[in-house]
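The next block holds one structure in the form of structure tokens; read it before the comments.
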Amino acid sequence: MEPDVSASSAQAGPLFARMAVIGLGLIGGSLARAARESGLVGQVLAADRSEDELARGVELGVIDGYGTMEEVVSGADLVVVAVPVRATREVLEQIRPFLGPDVVLTDVGSTKGSFVAVVNEVLGGWPPRVIPGHPIAGSEKNGVSAARGDLFADHKVILTPPEDVDADALSRLTSLWQGCGATVLTMSVARHDEVLAATSHLPHLIAFSLVDTLAGEDQNMEIFRYAAGGFRDFTRIAASDPVMWHDIFLSNREAVLRVIDHFNDDLAQLRQAIDAQDGDALLRVFSRARAARHHFSKMLSGQAYVTDMSQKPVRFRLQPGGSIAGDIRVPGDKSISHRSIMLGALADGVTEVEGFLEGEDSLATLQAFRDMGVTIEGPDNGHVRIRGVGMNGLQAPRGPLYLGNSGTAMRLFTGLLAAQPFDSELTGDASLSRRPMGRVADPLRAMGAVIETGEGGTPPLRIRGGQTLSGIHYDMPVASAQVKSCLLLAGLYAEGMTSVHEPAPTRDHTERMLEGFGYHVHRDAATASVNGGGKLTAGRIDVPADISSAAFFLVAASIAEGSDLTLRHVGMNPTRTGVINILKLMGADIEVSNEREIGGEPVADLRVRSATLHGIDIPEEQVPLAIDEFPVLFVAAACAEGRTVLRGAEELRVKESDRIQVMADGLKAVGVETTVTPDGIVIDGGQTIAGGTVDSHGDHRIAMSFAVASLRATGDIQVNDCANVATSFPGFVEMARQTGIRIDAQEEQ
Ligand code: S3P
């Protein structure tokens, strides 16, 4: 995170004229140094028990000078208590008579309840300028010589201000920490101590205890000698300062005891599972933990569910030319994968899913249901086992549900959660946070839901539970399967009948899967209706290969000379086959064989060979049936003879990116001119596709479309910001390379 120095640069002088640091150890010394280097403090003075440390502090340039506590505190407008927690009382008693009336007092200790208790006792209350602080940074080193000015850069600092905090004091202290490179969060004392007990104190306790246990075993030398990296990583924190940690545990006693009890119970259950040879129980816990670990790193990085914090953005490098050949099965259908988890979770019984898309979007959905207490095993090679909790069995999630890049997840969840007895909050990555949610929030409100959106109807969504929903009839203004599905899911819980009319056919996976789970959906021309109050019965779901992923290869093999490719087990639901209809109208050679129906969804094998494509006026009724395939269809249009015109596709502007503009910009970057219209685009085919650099704007389908364009390019193409390809098509690069696209994925530097 960028340090926010705006507050300080706007300010005439330094934030604080004199800062007094009591205790010049690692944290006090580092804050002194960082404050001096930031120029936000006029003078930094310190007091410490060790005169040697103070002298070293001056010598190393950490502080401007030092003195006794009385000397440094008198006249200071900021006092930082940076002594071990147990020494706080003594320090406060000593400095109390010398604290100026406007002084800001803070500390850096790891527990806040104990600090506030001492403040109350010694100062006779908690004054509005006493703002406890806790930088989440440190190292195993001690002393002023280890002080580093960058110790807090990109770290978090938690401030726990009193309710009647002095706003100016809080703002200056916040600016100082930000000037030292930190991100500042504020929370209550109780919350801080709970959070830290779980995330820091318990792990330290376990590390100390584990090393101690093993050190006491016979042959301990052997154990430590052969201990592998995992043991070393895991127990690194057992090298921390014992005195400091003894203080922390005693001062955060209650919160720590609570998490220890929780942990003990869970550990006892694992012990019991091992004793009873209950492999299923072990697998359940381990796979849930692994997924949670993975999920947290994504959530914290605020990115699509995709990249974890350590990962850099991905760039595709493409060499021009090539032809496409092979026999492939692309990953499972995204829409069906999402729905399989949702309905499976709400069903009675165990649902087995095969062919599940292990892409980041559907994994986000899977994790969200785990967060609501559903036990889900896998995914393991596309196999997922969901232990349904029944229509009323979901539990309140402990925090916001993070849905990564997935608009489908957010819109469908909103319908489902609007009817639950608990409150919930839905968040997502930067792209999802810009997408319109009013289209689901408005009709749900008409059913009685209480939903708060962010500015302009965007996420986050806060959904108030415990509402009674009533069925409505809704005439959708846009043809959206997400809106339709959202309302049908809410309708499962509503009183009476919920019916949705669509202005044009959209994908009907929800309706088909509900029927598959034994929940009748009445379908009458363009209207789908459900009666609330029924139940779902678990079953088996075979997820076909995603036609939206197959689309890249349908276009690739059509435009690249000498191509012949077979795609297996592709979902051929008539509400999804617009891409095949449009390509065929353009002259593509696509042969459909082995048509069959699996689990309520039609499936077929497709053989596609190169063909001379020609431009067409895309029939408007095909637009919703090919809504996700337009980026790659634009590439087909650029390679066709003559003009292709798309109209009635304004929805493309509110997908993961504005797909009309972003594609037009990308095509321009490789030398292809187009004309953008409010609801579509005009592309004159036959222009040379040159080399160039394209920005995908983090949109998976844009990135993959330009990988396809390289087949007909005359120079190298580079596509930036491609990590999100993993939202819908894990393994794309390998499959593209295997079939003949000259692609490499690299981390951007
Ligand atoms: C989807 C519906 C479509 C589509 C999206 C998946 C679904 O969105 O673009 O990728 O699974 O219901 P809209 O219904 O908003 O057009």
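Just so you know, glycine gets a Cβ as well, placed from its N, Cα and C.
Please treat TrEMBL annotations as automatic predictions, because they have not gone through curation.
The phosphoenolpyruvate site in TrEMBL is built from K334, G407, R435, Q482, R701 plus one of R293, R659, R742, namely R659. Close to ligand 1, meaning a Cβ under 6 Å from one of its atoms, are these of the binding-site residues S335, R339, Q482, D628, R701: S335, Q482, D628. For the phosphoenolpyruvate site, whose binding residues are given in the record as K334, G407, R435, Q482, R659, R701, the maximum C-alpha distance rounds to 19 Å. Here R435 (phosphoenolpyruvate binding site) is compared against the binding-site residues R339, S480, K655, and the shortest C-alpha distance is to K655. A separation of roughly 13 Å, to the nearest angstrom, links the Cα atoms of D628 (3-phosphoshikimate binding site) and G407 (phosphoenolpyruvate binding site). Separating the Cα atoms of S480 (3-phosphoshikimate binding site) and R701 (phosphoenolpyruvate binding site) is a whole-number distance of 19 Å. R435 (phosphoenolpyruvate binding site) falls within neither a helix nor a strand when secondary structure is assigned with DSSP, and so counts as coil.
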